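Below are the structure tokens for one structure; questions will follow.
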There are 2 protein chains.
Amino acid sequence: MAKLVSPLAPAAFPTLLPIAGVRLASGAVGVRYSGRTDVFLAELAAGTTVAGVYTKSLTRSAPVDWCRDAQKGGTARAIVVNSGNSNAFTGKAGWASVERTATAAAALLGCKPSEVFIASTGVIGEPLPDHKITDGLPAIAQTLADDAWQAAAEAIMTTDTFPKAATATATIDGVAVRINGICKGSGMIAPDMATMLGFLFTDAAISADALQALLAPASDKSFNCITVDSDTSTSDTVVLCATGKAGNAAITDAADPRAESFRAALEAVCTDLAQQLARDGEGAQKFVTVDVDGAVSDASAKVVALAIANSPLVKTAIAGEDANWGRVVMAVGKAGQPADRDKLSIWFGGYSVAHEGQRVEGYDEAPINAHMQGKEVHLKVDLGLGSGTARVWTCDLTHGYIDINGSYRS
Amino acid sequence: MAKLVSPLAPAAFPTLLPIAGVRLASGAVGVRYSGRTDVFLAELAAGTTVAGVYTKSLTRSAPVDWCRDAQKGGTARAIVVNSGNSNAFTGKAGWASVERTATAAAALLGCKPSEVFIASTGVIGEPLPDHKITDGLPAIAQTLADDAWQAAAEAIMTTDTFPKAATATATIDGVAVRINGICKGSGMIAPDMATMLGFLFTDAAISADALQALLAPASDKSFNCITVDSDTSTSDTVVLCATGKAGNAAITDAADPRAESFRAALEAVCTDLAQQLARDGEGAQKFVTVDVDGAVSDASAKVVALAIANSPLVKTAIAGEDANWGRVVMAVGKAGQPADRDKLSIWFGGYSVAHEGQRVEGYDEAPINAHMQGKEVHLKVDLGLGSGTARVWTCDLTHGYIDINGSYRS
């Protein structure tokens, strides 16, 4: 299938400057794909701390189990990622593949296997030919460089139509620090988490515990607020590595006021990456923002927002550029959260379509239809019950999704 | 859009014999559609008892509210159904429409408005032109007949591609009784309930309370075991009317052993109708049965089965005739129910593909591919944890679904 780039893709890959203590490389070892790179290797300086958030799937992959263990050590010296095969549902053989890969990378870079983080993405249930990866690593390591961000983002792609990256800067005690991130994912996207791999790097000095306490809420507000198809991957992994090379006095508590600027920058990078995932949702033609206000709590608002964002009928209506707000009513009704039909109000693109349980008087569909014909669609619902709010992002459901997923393995 | 009949439709509309005390009629009043019937009227003999199950949606329609009230009286004398407009999210005007329709039907047939059951199906959120219905009812009532089952089933269709009916007989104390049912629905189908309207009639003598106690579990095992797209309608209604004309001594307690034959026949009719709904799922090309065994409870098994049946990735894989069992693993993992990756086993069409957490040795895809190319696909999962089981039915997710739902209102 020709890989057309999503019409919602950013105009260009962003410029990512080097992060002191981080070197990157990628290569083509033919795990599954031909004619493209499929392995990403990161080398991290001694003393790098690490945090991670992982899929909550009960059928999670061997690499996810490995990373959860490795994270307990608090330090990372390498990351090895392959695309094409997720090494999920592969039993003991899958675990052995991870062990061999980590051992090979550790020997190559001079660290412990438990300091090597592993991620795999692609088909579920097929044995991983890890020898291809371990055989290829020495040559790949020869090409480690501090500016190879785009090649890294490309090596981890599966059905993605464009490589994804984001960057931001912050200050800690007046010292400038940088955060760079790359990620992949475009289907099997839903909390918790999206079907995604994300790798974030900073030169800030932050302890592993504080890093974790910063990453988890940033991830909740970003990666856990997107959905493409309500399906949840067995492999979702976000890892944040802090090399400490920027020279700031280390932050050891996420509540430290000195962490505020970093917290905001991290959330910005995560949100940028998460939105790129929704913009590359399989078959996506429109990027959709769903706001829910007036819920009894923020958590309740998020459930309602995701019910709307996941509804196939809402998503196909958006694909058809039809402001079919009745389907939004339906989705609110099925969400299982407190709702009162006669207090419910709905806006499309800022235009009121329904107020307190019925269509607004003098309803004029013309400006709303114009909004629906754009690439960015905004839905807002006010439940009229309380002050809980949530915002989630998704895309429309199109023939492209069927094309991609009706023939993925073949 | 040309209405092609689902390839999964029954070969012919079944033969439904009359039910003493039930007369049916239908007509075309132009609520929304042209060139087809859109109103169904049933007249029920004095003394007819009634039971009903309704959508749990919190944004349910005015007709659903009406029926829930009417049901408290325990008797029914008429049913009026329109297609084309669901009279949902229509505020006070919607309630007034129902009142006017019930009042008109009651005057026509000589009963109380509270003995008239009303259902509406179609677009949500648009005012119902109920005057078209009330103006048309007198002429429609002139055509009441005891054999107009197919015309009735056709009048209530929306995106359905074929009319749906089922029949069965039972005995109570040696007296033969009959159950006839018609239903509609093909999108917005998911528990609780499916987007559906169902009207069941029997000549058995059964008290309203006993009838309700028989209908609710039969509905749970049938209509609440199908899903097309995980979306839940605001209008779902199943009504069961018992005229008592068969001459059996009345059943007043569902636990009465004399009710066993009736219970089985009712479940058979409901299951037949429910399967027809899945077979007419919007865009359906394949009818899918999902069995989950080995769960910690039946309820847990049903959640897992629905997670599989609702997964867009599983449904598109089936559309692509791809035995992509990795996506079944994914769906089990996201279901939020107890599961152990390393105890999970999966079958497609009776062929073992994965056993206790990994692909079976000597996996041969050829017979499985042959199964996937058929119109009836069977998935089975054993969670390996307990003795809980569930069976649900669904269909594949195809381009047809996008075609139908991306242009429904236009």
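Including glycine, each Cβ sits where the backbone N, Cα and C put it.
Note that TrEMBL annotation is computational and uncurated.
The following feature annotations were taken from TrEMBL:
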ACT_SITE  A:T195  active site, nucleophile
BINDING   A:T158, A:K184, A:T195, A:E282, A:N405, A:S410  substrate binding site
Of all the binding-site residues here, A:T158, A:N405, which one's CB has the most other CB atoms within 10 A?
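When each Cβ's neighbours within 10 Å are tallied, A:N405 leads.
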When you measure from the Cβ of A:K184 (substrate binding site), which residues in the chain that are at least 6 apart have a Cβ under 8 Å away?
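In sequence order, A:S83, A:T121, A:A153, A:I156, A:M157, A:T158, A:D160, A:P163, A:K164, A:M196, A:L197, A:G198 meet the Cβ cut-off.
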With a CB cutoff of 8 A to chain B, go through the binding-site residues A:T158, A:K184, A:E282 and name the hits, or write none.
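Going by the Cβ criterion (under 8 Å to chain B), the binding-site residues yield none at all.
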Under DSSP, is A:N405 (substrate binding site) part of a helix or a strand, or is it coil?
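Helix, per DSSP.
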Let me check the 10 A CB neighbour count of A:E282 (substrate binding site). How many other CB atoms are there?
28
Under a three-state reduction of DSSP output, how is A:E282 (substrate binding site) classified: helix, strand, or coil?
coil
